[in-house]
Amino acid sequence: MSAVRVWSKPARVVLVVAGVGLGACVLAFLGALFLHVAPANSVSKQYRAQVDWVVYPEFEQNWKLFAPDPLQRNVAVDARVQTVGPDGTVVTGEWRGLSAEDWAAIRHDPAPSHLDQNLLRRAWDFYESTHGEGDAQAAPGSRGQLAERYLERIALQRTGTGGGRVIQVQLRATVTAVAPPAWSREQVDTAPHVRELPWWPVQDADREGLS
Amino acid sequence: MTTPAAVRAALPRLLTTLAPYQAAVVRIGTAGTWGAYLLREWGNRRVLYGDRSPWSAELNDRLLADTHAFTALSWSDGRWWFEAVYLLALLSAGAVALGWRTRASTVLFALTVLSLQNRNVFLGDGGDNLVHLMAIYLVFTRCGAVWSLDARRRARRPGRDPAEWGEPRALADALAAMLHNCAMLVIAVQVVLVYATAGWYKVQGARWQDGTAVFYPLELDYFTPWPELSGLLGGSLLVTFALTYGTVAMQVGFPFSLAARRLKNVLLAVMVVEHLAIALLLGLPFFSLAMVSADAVFLPTALLLRLGGLLAVQGRAAGWWVARRSGRTGGAAAGEPVEAVAGGPVEAAGEPVGGADG
């Protein structure tokens, strides 16, 4: 490389100011990221607003995949629809295994699609995180309501209409704990637990764009 | 010991573009991963991010009103705007990977990554998260300084020697180099945060403590493309224990290993192997590719140069072979483009780093 350049005084001022400014920004940014991923502590509680301002919405950090413990349960989501035929008879369709279809699609695919691996799985996580154990309808305008509409539309898209006009849709989730390894002496209840959601009424507008 | 004189001697280095090869690998890896992902999802694009998504534009608008995340897809929910953005995302990923007009293409790349991912934030996993962050950080780097079409162009039409630059231009160049160095530092610390978070939270988990944690993901229906293989691996007590404790020790230890060059390189190699295994066993190739690409920021320059040289030689051999074959079948000199792409890095490697893009 060439000899070290000799800077004029104004240039030195610019360089020092830029260096200090950049350094301060980098430190503040990395500090905010650190406080965000660290367990809640005295400092992160004190500066929560500032940390959130930096991290959300574009610098989120989701690195707790498989931590503190890996997921140890399989959730199978099924859906069914109630349709009304041209003659006015109401028909309740069969349960359709939406997760089971995802799993079949993932089998022996070296690069599974987000459509099969993430879409329904994470939609259900979203629903659970906003509803807890209960299935009462979420308040209008809440995140919970968004989760309900999302799941409803996933179910409608996957189940089709069966020829009639869909008036209601219902989901259920079967949660099964993963049995401990064969070489472990641990006992775990692996009986499936079924969680049946209420029927949700369907308007034509709910189907928009799903074809 | 660090003396003031040593500090003063080190300062001018901060005004030059540091770690250009690492920046290039992160660029190629990140853009390549996202580009490959977009190609993989080509057939599903409208359901994932477009007009057929069950996460309708209206639902997303309601969420965005809350989060204020950026997505150009909220400007219009028509099909053709979406198709244009998706295509632009693919093209910009290709341009960034090849290092074509890197300054502009990294900006476009970041904007399209954000646009697609923020159209439905309930689709991504850790890999998407990492691509999202790296796409933003890369905007501030000079990641096209080497191993890029830009570098090739500069090498063919060399400008004036930097030593002869007037002060305004030299100053602009130094400022751009400082920004690059800061962004590279952020990328490095970001990778450390990924492993430190993953590791330290695992330490607290009962399954990681009792040595069975690795068994469970291998039994999840959403993460077992090869159940026979997963069953085989999880069937062994000793293997499961070793992988469980090894993973935690590695993730917790990695940040500290940065103080010991040899150890760091060993851990990096092990981490790359582990990510390849995750790619296959859990069906997460894009996640793993994104992680490996980010890890590459810590690869030693000597190794990168050797790999680059090796690739170039292979490229030349392939080019010669293709040329010979196509010559036999009467085609034109097909070897030229192959060599052009693969041979670029080495030619560019000798070039002074940092150029007219400050």
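Placed from the backbone N, Cα and C atoms, the Cβ positions cover glycine too.
Per TrEMBL, the feature compositional bias 'Low complexity' maps to B:334-351.
The domain 'HTTM-like' annotation in TrEMBL covers B:15-303.
Marked as region 'Disordered' by TrEMBL: B:330-358.
The annotation transmembrane segment is assigned in TrEMBL to B:80-100 (among others).
Feature annotation from TrEMBL assigns transmembrane segment to B:130-149 (among others).
According to TrEMBL, the feature transmembrane segment maps to B:170-198 (among others). Within the chain carrying the transmembrane segment (B:170-198), a Cβ under 8 angstroms from the stretch's Cβ atoms is held by residues 14-19, 22-23, 26, 130, 133-134, 137-142, 162, 251-252, 254-255, 258, 291, 294-295, 297-298, 354, 357-358, all 6 or more beyond its ends.
Only residues 6 or more beyond the boundaries of the transmembrane segment (B:232-254), in the same chain, are considered here, and those with a CB under 8 A from a CB of the stretch are 192, 195-196, 198-200, 202-203, 207-208, 211-215, 218-219, 264, 267, 270-271, 274, 281. What TrEMBL records for B:232-254 (among others) is transmembrane segment.
The transmembrane segment annotation in TrEMBL covers B:266-291 (among others). Within its own chain, the transmembrane segment (B:266-291) is flanked in space by residues 29-30, 32-34, 36-37, 40, 125-128, 130-131, 134, 194, 217-218, 223-226, 229-230, 233, 247, 250, 253-254, 257, 298-299, which lie at least six positions past its ends and keep a Cβ under 8 Å from the stretch.
Under the heading transmembrane segment, TrEMBL lists B:297-318 (among others).
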When you scan the chain for residues with a C-beta under 8 Å from the transmembrane segment (B:80-100), skipping those not six or more beyond its ends, what do you find? 24, 27-28, 30-32, 34-35, 38-39, 45-46, 49-51, 72-73, 106, 108-109, 112-113, 115-116, 138, 143-144, 147-151, 341
Mind checking which residues of the chain, 6+ beyond the ends of the transmembrane segment (B:130-149), have their Cβ under 8 Å from one of its Cβ atoms? 17, 20-21, 23-28, 30, 33-34, 37, 96, 98-100, 102-103, 106-107, 109-110, 113-114, 117, 124, 176-177, 179-180, 182-184, 186-187, 190, 194, 290-291, 293-294, 308, 344-345, 348-349, 351, 353-355, 357
